[in-house]
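Colleague: Please see the structure below; I have some questions.
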Amino acid sequence: MRFKPQGLPAATRRERMTFVLASGASLLAGLLVLPQAWELSQIISRVFPREHGVDAGASAMAGLIAVVAARAILLAAAKGLSLRFASQVKRRMRREMLERMTALGPVEVRRHAAGTWRTWLTDGIDGMEAYLAGYLPQAAASAAVPVAILGFAAWEDRLTALILAATVPFMVLLLVLVGQAAQRATDQRFVALERLSGHFLDVVRGLWTLKVFGRSRAQADILERVADDYRRTTMQVLRLAFLSSLVTELFTMVSIGLVAVSLGIRLLSGHMDFGTALVLLLLAPEYYLPIRTAGAQYHAARDGVAMLERHREVLETASPAVVPQSARVVVPDIQPSGAVIEFRHVTARYPGAEVPALQDVSFRIGPRELVAIVGPSGAGKSTILAVLLGFLRPVSGEVLVEGVPLDQLDLDAFRARVGLVAQDPAWFHAALRDNLTWGGACGEAEMREALQLSGLDSVVSRLPAGVDTALDGERVQLSGGERQRLALARMILRRPAVALLDEPTSSLDLATERALEERIVPWLRQRTSLAVVHRLSLALAADRVLVLDGGRLVEQGPPDDLLQARGAFHAMVRRDHGEEVSA
Ligand SMILES: Nc1ncnc2c1ncn2[C@@H]1O[C@H](COP(=O)(O)OP(=O)(O)OP(=O)(O)O)[C@@H](O)[C@H]1O
């Protein structure tokens, strides 16, 4: 069997303590089966031969009641403690996985489907209950009780001990064979569950695209196939579970039958007394019980082991994000007017990617400076933001904020001074106000200014309860452009020293975009602002432009200088304006 207490996922002292108590209670309850069988056999052997009379069994009866009561208490305690142990471990595992997810950052987390994370953090960890509360705390009892019974049998009657000892290896062998097949099947089932959850969430999210591209039927077919995989593997696991139950039940019956026949023959021939025969017969089923229980729990417990492996893998995944190099990190002294940010020969590669997304990129931005990053799709523009936020660690070169390398910087303190408008801004099923302030306090004048600057005011005026309208996804849904304005307003309310924008106006019509830029550019110029843009009007209004191509910085300078130089930027502007004219 694979599950041994050394695979114990207990990490804290409290968990170990609960586990030891649970195992101890279940071991004691298991061992008490010996006195229980003894007292019972005493009662029966004294009461039935009439010559002893009923009274002769009274003390044995009191003993039996005491033992049964003690066993019941111990079993209840073992159950309670085991459940407590399971909930302690599950709670810690969930916390560790969530903390690790945060430490790994968005670059690594996106390598798995969102649904897969959901499965791990909910059903996966919950599914460990059978392993943590059922399997592990009973492991000690499962090993010790048969040994104790075997020892007792050897003391009382060698032949019974021999039968008991000889049958177990066959039973264990059969269980191991079935168990190995079950291990494969349960692992496949766990992978099928991960795929099913991942796919399902992807389909829900991508329903629009799938419908328009006529792929919804095809995706439904894929989902059906994945669901069918899950059903098939589950049935396989269940078949194996039934098979192993059948094997153990049959084997137990035959073995107990053997013991009974050998005892009966000797009892009849007068070679054994009734009491000894009875106690051995009572103990025989208890001898096989832990092995049968272990076999029955194996399949449920295997899911727990699969989850334990995922948990370990996640905790051991090397983070692509910046990891602080020493315990003492520097809290940056960032003024409201911005920070000096410097990229020195930065080369960065995504995990698993062969080509670097950024190659030897160097630039410097200061306070009260608006810098635009332009370049073709896939040039590495968003990667600059990911590197600056510490989500992707450069393979060479360094990034400095106020002269401090990122890996020596208190990243949380730095990020607290950063405002971000992401490509696909996040929003939550909550009131618009909470989506803007994250539940924090905010004055009405401040709110009005942010709404006006971002252009969200025209949206808010149409909402039934204004800024207090709930974005519930049913009655009120924001369009892509409205979500971008929400993200802008959220950033403005944060009053960041460093503003990072990733295509902040890509979903807006040209007139709204121009009007917004006129309002927002002066605000951006009051701090350090770095804006990734596709449409070039914001780049033309910026102090400087960085032109990226294929991960390399091919040009940088004030837009007018770049236009005069007639290089890559000039070509882009010409193309852009041509498109506008023809549009
Ligand atoms: N998480 C990721 N894992 C692996 N490769 C990635 C990841 N994100 C981006 N890339 C790759 O890195 C390169 C640069 O991507 P990036 O998102 O920085 O481009 P971009 O210039 O912002 O593009 P766009 O204008 O289309 O948003 C691309 O080749 C892209 O395929």
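Cβ coordinates are placed from backbone N, Cα and C, and glycine is handled just like the others.
Where the annotation comes from TrEMBL, it is an automatic prediction and has not been curated.
Taken from TrEMBL, the feature domain 'ABC transmembrane type-1' covers 20-303. Look at TrEMBL and you will find 61-86, 135-155, 161-179, 240-265 tagged as transmembrane segment. Per TrEMBL, domain 'ABC transporter' is recorded for 341-575.
Situate these features within the shown structure.
Modeller: When Cβ-Cβ distances below 8 Å are used as the criterion, the transmembrane segment (61-86) is approached by residues 10, 15, 18-19, 21-22, 25-26, 28-29, 32-33, 35-36, 39-40, 42-43, 128-129, 132-134, 136-137 of the same chain, each at least six residues removed from its ends.
Listed as Cβ neighbours of the transmembrane segment (240-265) (distance under 8 Å, sequence separation of 6 or more from its ends, same chain) are residues 157, 159-160, 163-164, 167, 170-171, 174-175, 178-179, 181-182, 185, 272, 277, 280-281, 284-285, 288, 291-292, 295-296, 298-299.
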Colleague: Same-chain Cβ contacts of the transmembrane segment (135-155) under 8 Å, 6 or more residues past its ends?
Modeller: 3-5, 8, 19, 22-24, 26-27, 29-31, 33-34, 78, 81-82, 85, 161, 164-165, 168, 280, 283, 286-291, 293-294, 297-298, 300-301, 304
Colleague: Please indicate, using numbers and ranges, the residues of the same chain that are 6 or more beyond the transmembrane segment (161-179) and have a C-beta under 8 Å from a C-beta there.
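Modeller: Counting only partners 6 or more residues beyond its ends, the transmembrane segment (161-179) has Cβ contacts under 8 Å with 1-2, 146, 149-150, 153-154, 240, 243-244, 247-248, 251-252, 254-255, 258-259, 262, 284, 287-288, 291, 294-295, 298.
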